[in-house]
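A.B. asks: Following this message is one structure expressed as structure tokens.
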């Protein structure tokens with residue numbers, strides 16, 4: 001650790017780049033006006049809509065490159081507004097409800113004052129924190145999510161060899177940089193090369209090209225429509241398709257087992273010595289041939305044909321092995337029946353029983369796959385189908401039930417007790433408690449009142465709420481989570497790369513072993529073990545054993561070992577408020593040995609409260625004017641109203657509590673620097689808010705500045721206020737430590753994980769929090785800026801540490817991105833969630849323990865699956881080849897081998913499903929007291945002023 005700290009001290013002076021401010025006030029005003037105007041025009045006359053269409057086409061040319069003006073501000077305004085107008089008109093002309101609020105969302109991030117954690121930014125509005133509250137990656141603009149990838153729904157994959165072939169086919173295309181294929185979810189995600197994105201409408205054209213190519217190669221594929229309105233329909237369609245395939249599989253299974261039962265009846269009557277005329281018909285060769293043909297041409301037809309087609313196209317799969325085994329048994333038996341003098345045995349019953357056992361295994365496997373996706377289906381089911389739309393503002397007489405997918409931005413919906421919230425939005429009137437457990441995993445209900453954010457799918461428990469819609473349908477936070485989790489499930493864990501290499505060559509290896517088995521027993525077996533022939537010929541025994549080798553091999557178990565465990569793990573996490581973006585993240589997270597916490601908003605609650613405004617004792621000596629507390633708050637709030645930083649929010653709340661006059665920063669003057677502060681022109685005065693260094697940089701002077709540092713005690717941080725070239729005041733804050741922070745740190749330490757804390761605060765404030773939560777002061781790094789946090793993470797990594805960084809604000813974004821695993825608190829800034837592969841949607845530190853335990857249990861399950869899959873094939877193939885025949889006289893018939901093959905796949909699926917129970921039995925936070933969530937009743941901190949709700 002000492003080497004890390006010493007190395008870090010050499011880079012601590014790194015300068016941090018100045019970030020630009022948010023959009024100017026006029027641009028936001030125009031955006032809001034457009035939003036109100038067009039969302040209010042949903043019921044325009046069709047003639048007017050038709051007349052809008054030519055306008056849409058004409059607006060197509062008004063992009064930034066073609067809208068020219070000598071005025072740079074006008075060019076910027078045109079480039080920003082005209083695409084929005086075009087999008088709105090397109091929505092109207094197609095009667096589409098896909099409006100999005102463009103006026104919400106935080107800005108570019110605001111620095112941590114005197115070491116605050118940072119976050120927020122310019123350009124936010126009264127709903128600026130909606131992104132962070134309603135989920136990671138909740139978009140506030142008109143962009144389409146997942147804009148850099150192509151998702152394909154791929155059918156016809158039956159084993160690991162199939163998924164490896166699909167990946168190889170995709171990556172062989174020049175437009176594809178890399179691809180990832182998930183056998184369990186039957187999807188492929190493609191990352192194209194940069195050159196492919198230069199083509200207009202490249203996603204649609206390239207997606208169709210790749211899908212057609214896969215279809216021609218034997219894998220029926222369709223490109224996924226990435227438009228959010230269609231996402232839920234796609235997900236529902238896939239679920240219905242799986243259910244339909246399961247029903248079809250059930251019918252085929254019933255027919256095959258009926259035929260198998262007839263075969264077994266014949267054997268049973270022969271064994272019992274039953275002698276009746278109809279028994280002779282059942283034992284006749286012609287009857288057995290008929291049963292075998294009906295099986296191969298009926299329930300086994302698809303299986304056999306798919307296997308032969310795959311073999312001819314150079315990508316053999318498990319169906320190829322089963323098909324070859326069944327056809328070989330039928331061919332040899334037919335030859336033996338037609339030429340009795342060969343002395344070969346006939347075993348027409350083997351293909352019948354083989355197909356029956358294989359179809360049984362497939363049916364159980366399909367059921368297990370549907371069960372594995374039940375968590376995702378459960379997430380989808382939390383969204384209601386109907387909503388009560390409020391018309392004319394009359395709650396009593398003007399509500400009408402409408403489909404939820406028809407809701408638009410700006411609509412008002414009424415939510416009665418017991419109803420599920422139909423869309424993401426903001427409460428306009430009413431007060432109630434909301435159950436968000438299906439969304440965040442938070443067991444405690446949360447109080448909601450006017451101005452509170454609500455998420456689609458949460459349950460209204462008592463009062464009536466009127467909510468303004470901000471996002472609906474696939475644009476909701478639940479939709480984002482489902483979409484991100486599905487993409488995460490298609491991201492391969494590094495361990496999967498070994499499996500892909502084996503699975504891609506596995507089928508060829510099995511066919512080679514089958515040929516070797518036939519050669520050995522046909523040429524040498526009779527000499528080595530003549531008693532094994534049982535009055536048959538060497539050729540008959542060799543053919544039977546070689547067929548058993550083909551059938552017993554199970555590439556499907558290899559292909560399912562990793563993706564099924566990842567599917568269950570990520571889906572299980574999503575249902576419990578843990579967003580884990582990929583199998584590679586689960587694997588890394590399971591190996592973490594160092595956890596670095598940000599202080600503000602992570603170890604503390606992130607809701608600082610103004611406790612005191614301090615004016616210098618001799619203001620006339622340092623200032624041109626004397627400033628009152630009200631004036632200081634009024635000026636500081638004018639600057640902070642442009643941010644969503646917790647400190648900024650606290651200042652604005654304090655100003656409102658004192659009924660300060662509302663002032664605004666002059667347009668285009670707001671500037672900020674994460675980790676330092678912000679400055680703007682207010683009422684012709686340059687107002688600086690931030691750290692002491694920041695205020696000095698902007699010209700504030702006076703010896704009393706240093707004396708004011710003494711006011712920063714314990715966990716109370718300060719922000720300096722400068723007006724022009726003078727110090728106006730210092731504002732003190734208090735931010736309480738999370739109730740579960742100490743227990744989480746203790747738990748991590750007990751597991752042998754090194755725990756550090758990074759903070760932009762001064763040493764005494766950071767040490768106070770460290771003392772409360774139990775972090776050694778030697779592992780507290782205070783007074784650091786965002787770039788320095790990133791450098792510290794890099795130093796730990798140079799010392800071979802696997803680092804997880806836990807943070808919540810834009811100040812943490814660089815450190816989160818550079819760590820091995822970035823963990824964002826769900827209530828933090830959107831940028832933190834966007835760069836973090838792990839998001840704790842419930843905004844509770846105990847979820848960190850859940851996420852780590854889930855990753856460990858998932859990887860443990862993956863390893864168990866791989867041991868089983870490899871072990872089964874390593875043991876099963878030699879037994880099928882007759883290795884026990886000289887020792888014990890034991891051999892596997894093709895039908896017995898088929899039954900074992902089904903059991904192997906089912907074992908992998910069952911073990912993956914058991915992950916649910918293992919996770920709950922090993923959770924580390926059973927004794928951790930749940931932390932009261934924001935909005936629940938709890939004692940208020942003692943402050944100088946009572947804060948308004």
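Placed from the backbone N, Cα and C atoms, the Cβ positions cover glycine too.
Source: prediction; values computed, not measured.
Positions annotated as active site, 4-aspartylphosphate intermediate by Swiss-Prot, on the basis of similarity to another entry: 598. Look at Swiss-Prot and you will find 159, 162 tagged as Cu(+) binding site, backed by sequence analysis. Residues or ranges marked as ATP binding site by Swiss-Prot on the basis of sequence analysis: 807, 808, 809, 810, 811, 812, 813, 814. Taken from Swiss-Prot, the feature Mg(2+) binding site applies to 808, 812. What Swiss-Prot records for 113-126 is compositional bias 'Gly residues'. Under the heading domain 'HMA', Swiss-Prot lists 148-222, citing sequence analysis as support. What Swiss-Prot records for 113-142, 925-949 is region 'Disordered'.
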A.B. asks: In angstrom units, rounded to an integer, how far apart are the Cα atoms of residue 814 (ATP binding site) and residue 598 (active site, 4-aspartylphosphate intermediate)?
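C.D. replies: If we compare the Cα positions of residue 814 (ATP binding site) and residue 598 (active site, 4-aspartylphosphate intermediate), the gap is 12 Å.
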A.B. asks: When neighbour density is defined as the number of other C-beta atoms within 10 angstroms of a residue's C-beta, which of the binding-site residues 159, 162, 814 has the lowest density?
C.D. replies: 814
A.B. asks: Per DSSP, how many helix, strand and coil residues does the domain 'HMA' (148-222) have?
C.D. replies: 32 helix, 20 strand, 23 coil
A.B. asks: If you count Cβ atoms within 10 Å of the Cβ of residue 808 (ATP binding site), leaving out that atom itself, what do you get?
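C.D. replies: I get 30 for this one.
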A.B. asks: Among the recorded positions listed here (598, 812), identify the one with the smallest other-Cβ count within 10 Å.
C.D. replies: 598
A.B. asks: Taking each of 159, 162, 807, 812, 813 in turn, which of these binding-site residues have a Cα lying within 10 angstroms of the Cα of the residue listed as 'active site, 4-aspartylphosphate intermediate'?
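C.D. replies: Those close enough are 807, 812.
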A.B. asks: Let's check the environment of residue 807 (ATP binding site): how many other CB atoms sit within 10 Å of its CB?
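C.D. replies: There are 34 such Cβ atoms around residue 807 (ATP binding site).
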A.B. asks: Can you count the other CB atoms that lie within 10 A of the CB of residue 813 (ATP binding site)?
C.D. replies: 28
A.B. asks: Please report the Cα separation of residue 808 (ATP binding site) and residue 162 (Cu(+) binding site) in Å, rounded to an integer.
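C.D. replies: Distance (Cα to Cα, whole Å): 41 Å.
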A.B. asks: Along the domain 'HMA' (148-222), what average pLDDT does this model show?
C.D. replies: 86
A.B. asks: Can you see whether DSSP assigns residue 814 (ATP binding site) to helix, strand or coil?
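C.D. replies: The residue in question, residue 814 (ATP binding site), is helix (DSSP, three-state).
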A.B. asks: Fill in the CA-CA distance, residue 159 (Cu(+) binding site) to residue 813 (ATP binding site), as an integer in Å.
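C.D. replies: Residue 159 (Cu(+) binding site) to residue 813 (ATP binding site), Cα-Cα distance: 40 Å.
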A.B. asks: Determine, to the nearest whole angstrom, how far the Cα atom of residue 162 (Cu(+) binding site) is from the Cα atom of residue 813 (ATP binding site).
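C.D. replies: Spelling it out, the Cα of residue 162 (Cu(+) binding site) and the Cα of residue 813 (ATP binding site) are 39 Å apart.
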